[in-house]
Amino acid sequence: MDLKNKMVAILVAPKFHDEETTAPAAFLREHGAEVRYIGIQKGTCQGKGGTTLTVDSPITDVQPNEFDGLLIPGGGAPEHLRLNKDVLAFVKAFMDAGKPVAAICHGPQVLISAKVLAHRTVTGYAGIRDDLLNAGARYEDQPVVIDGNLVTSRIPDDLPAFIRAFATLLARVDRESPWLHVTPAQALEFAIMNEIKAWELYDNLAKRTKDRLAKAKFRFLAETEKAHQETLTKVFEKVYPGRKPQPRDLPGVGGEGSQTIDPDGDLPKILRSAMAAEEAAHRLYHQVAEKVLNRETQKIFERLAEEEQQHRELLEAEYALHTGSGLPSAIEKEPWWSQDLW
């Protein structure tokens, strides 16, 4: 596993669990990562078992964007860390950005105080199970639980699986990707922009195409894209009360590309171009879903990718009817935007 050029912050405070701190650090360094111990203040820190570590930087001297991942060991340290507002802001920034975060044993106590566990699936030391549930999390009694960017484990015996899971997530981090730190809000605004463009195109095709069946298909697609736009807007306003979405393109991320279709062209050619555009949109949304680390952002793009694939199937059926291949019309599935995902 190659972790070169990866920077990891490990939070430490008095009474940290020795093995839960030093074992992950040793593994990460062995595979090329740079590890820094971040504490509440400068100086040294002593673990429960007597290990003494030097704090590389106090929390007030670092920024989340300096790091690719965050690890929170257990022991008595979380009781100190969870009372520090700078630590909590630091942790929340990692979770909001979707960067890899790992917490073991009592480590999730810091996540509880940072208020980032609602609707997340986690594990942890059995003694804090009720605290995790009260924080809105779902608890699983497993050696390691992976939920999007978050890795949690219960006890020191779980360390091998815990370390491996965190390192695997860390290896996925690509600092050069324009999609890596796309937030759910940006994802929604980008998707809304794409749906507006697609609606305008299919609406234009429906108005200008003379073939009755093709006109009906284009009108259906236009209505579907319009419904996507409206539903995504409602989702945005529900998740971000008081804010209106600002449809946007994302730097370095292309759009659906269907705006290049000539509505006055030959119908089979129009259908081929529309199929290519839907396939391009499917690939784009799928690629973005694989690159981003924020769980909710992933879900948005995965659903969009699925819907674009269904659109392509509908267009393929229409193309088959016009070119004599005899394929039946596509059977429409219930679109994801009509389901209660939120």
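Keep in mind that glycine also has a Cβ here, set from the backbone N, Cα and C atoms.
What TrEMBL says about this protein:
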- 7-167: domain 'DJ-1/PfpI' (DOMAIN)
- 187-319: domain 'Rubrerythrin diiron-binding' (DOMAIN)
- 243-266: region 'Disordered' (REGION)
Task: Tally of residues which DSSP labels helix, strand or coil - the domain 'Rubrerythrin diiron-binding' (187-319) - done: 103 helix, 2 strand, 28 coil
Task: Local confidence of the prediction over the domain 'Rubrerythrin diiron-binding' (187-319), expressed as mean pLDDT - done: 78
